[in-house]
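Each remark here refers to the structure printed beneath this line.
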């Protein structure tokens with residue numbers, strides 16, 4: 001037998017520690033004894049890790065994390081820049097190669113056509129975007145992307161990510177819009193150690209980062225002290241790292257012969273939060289989580305709310321995985337990202353059903369008796385039933401990580417998608433529900449689903465409050481579901497107050513966040529007693545939220561001052577965004593401290609399409625008895641967003657206050673035309689019409705009540721308008737409906753007594 005190869009391998013393995021010694025050994029002038037250092041760790045780059053972690057480094061180097069953002073070059077640019085011309089609604093571009101440079105000829109911020117040099121590539125597969133410098137330190141992601149899929153799959157082409165607005169202008173994904181700004185919306189998850197460094201007085205960015213792509217230190221934290229540890233400074237705790245992540249071990253999960261599903265016996269140390277810093281939809285509170293911080297100190301995750309999620313929690317908008325996964329039974333049982341995914345390659349540990357079979361017995365689940373599809377077919381794949389895909393960015397299918405049971409019955413009752421009809425598009429949801437009933441007559445798919453409660457609550461059903469109280473306090477549901485139920489609690493319902501107070505004292509920060517969202521519905525003078533403790537919460541994100549809700553509150557506790565500092569730092573960090581400038585204006589207004597209009601005006605300059613900014617500024621001028629200024633602001637907003645029903649309705653109210661009722665009626669009609677499904681626009685138009693066109697107003701109210709049977713204002717209009725029109729029976733019907741949902745409504749009770 002030839003033994004030279006094994007000897008060579010042995011010699012090479014022996015050399016690894018020797019190489020590490022020379023690579024990382026201390027200099028002759030350095031202190032060689034082991035001491036714990038107090039200096040802050042610094043980022044040193046992923047290449048410094050390669051000497052000792054060669055195999056892991058090679059795996060990572062080929063991953064999408066490593067290549068999330070790269071300098072534009074012939075090696076990294078995938079798109080066709082050979083003079084290709086592209087035209088779509090709202091954009092015209094030509095892609096040009098000039099020696100080593102890649103250029104895009106298109107209209108810039110001032111409307112003039114010019115060539116922009118591609119500085120960086122963004123992503124690899126299934127699409128690649130390109131970053132362009134538009135001045136002021138701003139990088140924008142160009143909204144015409146390269147489809148990098150094979151030709152056979154429809155790829156190798158340019159396509160527009162934008163969808164133009166109804167009135168023909170560029171949509172929100174147009175490359176010059178704020179949502180396509182790399183500095184604020186993309187960078188922290190495509191480079192390592194990002195600092196935004198926005199300078200509001202100059203309206204420019206001086207953004208910095210340590211390394212292109214998602215490097216080793218994005219997850220493990222700055223590695224300078226780890227290098228010191230590797231050089232022999234063993235007094236450094238935790239190998240010199242700020243964050244210790246457990247390696248994945250299949251032995252963390254065990255299953256006996258008589259069990260169908262494995263149980264977790266190992267331990268993990270928070271890698272979920274490390275993944276969630278990017279793989280979640282969240283709001284930035286404070287930079288620097290890669291230094292080793294906690295998620296809620298740096299971000300505020302989104303809960304299950306429309307239009308981000310369907311009522312049953314299925315992904316709808318781009319929610320980036322974690323919010324879906326945190327709903328799942330898997331997460332509740334201790335499953336983490338690395339149980340299925342290799343963190344360095346991002347690939348799953350096994351392909352197909354073999355991945356699920358690591359924990360779930362093949363003899364039970366990978367059988368036609370379970371999935372009732374031919375073995376090996378698409379319908380027999382676990383993920384196609386339990387993790388259906390939704391396509392984002394037009395070519396990027398992403399699986400729903402709720403890992404849920406298909407529920408075609410909820411498609412019937414709630415109108416949500418279901419996995420069965422995702423494949424069987426020619427069949428109805430009723431057909432799919434019938435098939436499931438045949439195979440699983442007593443299956444878990446028949447149990448009550450929190451989506452039904454959320455749907456009822458979002459429709460305004462008062463009866464949903466009881467179910468929300470039950471959901472928010474039941475440990476049978478995940479923290480994400482419970483927090484989302486808590487956020488829907490009406491804080492002015494007496495029975496809910498105790499639940500909200502209880503959840504604000506929970507050890508789970510997600511539950512505290514849900515309770516905070518609910519408490520925002522209280523009048524400001526009633527918030528202090530409830531929210532005072534959260535001003536001293538261990539997490540900055542929750543302290544900041546509580547401070548926002550208590551700013552300007554009478555009898556606010558002294559701890560508000562410190563929490564307000566946290567909140568103002570959050571606003572300053574995000575002062576490049578119109579929504580945060582709006583919050584800054586509202587804060588100044590609440591504290592009666594500074595002129596709020598300056599922040600609204602800055603917001604309109606940064607984002608002329610920010611509807612909320614115009615609404616807030618117009619409301620401010622109206623409350624200051626300067627109605628002509630209010631009208632002017634709304635007209636300015638409509639010049640940018642003519643299809644905004646909110647602006648048309650606000651304009652109508654401004655015109656009413658100026659006693660220009662005919663013009664106001666036209667504005668209310670336009671708001672309703674743009675969004676006829678809205679309960680509010682229907683109600684306002686009916687009120688405006690009633691004196692001149694009572695039959696039309698009544699018809700409008702009746703149609704709206706059929707769509708929104710729990711809406712208080714619509715039911716009151718139905719009762720009172722019919723009473724005033726001499727339609728006693730119809731008025732009685734609506735009065736009874738109103739009182740059945742709102743039994744404490746004294747006005748409705750008086751009307752009913754009068755009618756009887």
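Just so it is clear, glycine is given a Cβ too, placed from its N, Cα and C backbone atoms.
Not measured: the values here are computed from a predicted model.
Residue ranges 227-247, 248-268, 269-289 are listed, and TrEMBL annotates 248-268 among them as region 'Disordered'. A Cβ distance under 8 Å defines the sequence-distant neighbours of the domain 'Cytochrome c-552/4' (48-74), meaning residues of its chain 6+ beyond its ends; these are 16, 19-20, 23-24, 100, 102, 118-125, 130-131, 189-191, 212-216, 218, 223, 227, 230, 342, 344-346. For the domain 'Cytochrome c-552/4' (178-221), same-chain residues at least 6 beyond its ends with a Cβ under 8 Å from one of its own Cβ atoms are 41, 43-46, 49, 53, 57, 60, 65-71, 120, 122, 131, 136-141, 143, 172, 241-243, 245, 271, 274, 277-278, 284, 287, 290-292, 343, 572-578, 602, 605-607. Summarising model confidence by region, the repeat 'TPR' (645-678) averages a pLDDT of 98. Outside the repeat 'TPR' (645-678) by six or more residues, the chain places 611, 614-615, 618-619, 622, 627-628, 630-631, 634-635, 637-638, 684-685, 688-689, 707 with a CB less than 8 A from a CB of the stretch. Same-chain residues lying 6+ beyond the ends of the domain 'Doubled CXXCH motif' (334-363) with a Cβ under 8 Å from its Cβ atoms: 56, 59-60, 62-65, 219, 245, 248, 250, 252-253, 255, 259-262, 264, 268, 271-272, 275, 279, 325, 328, 380-382.
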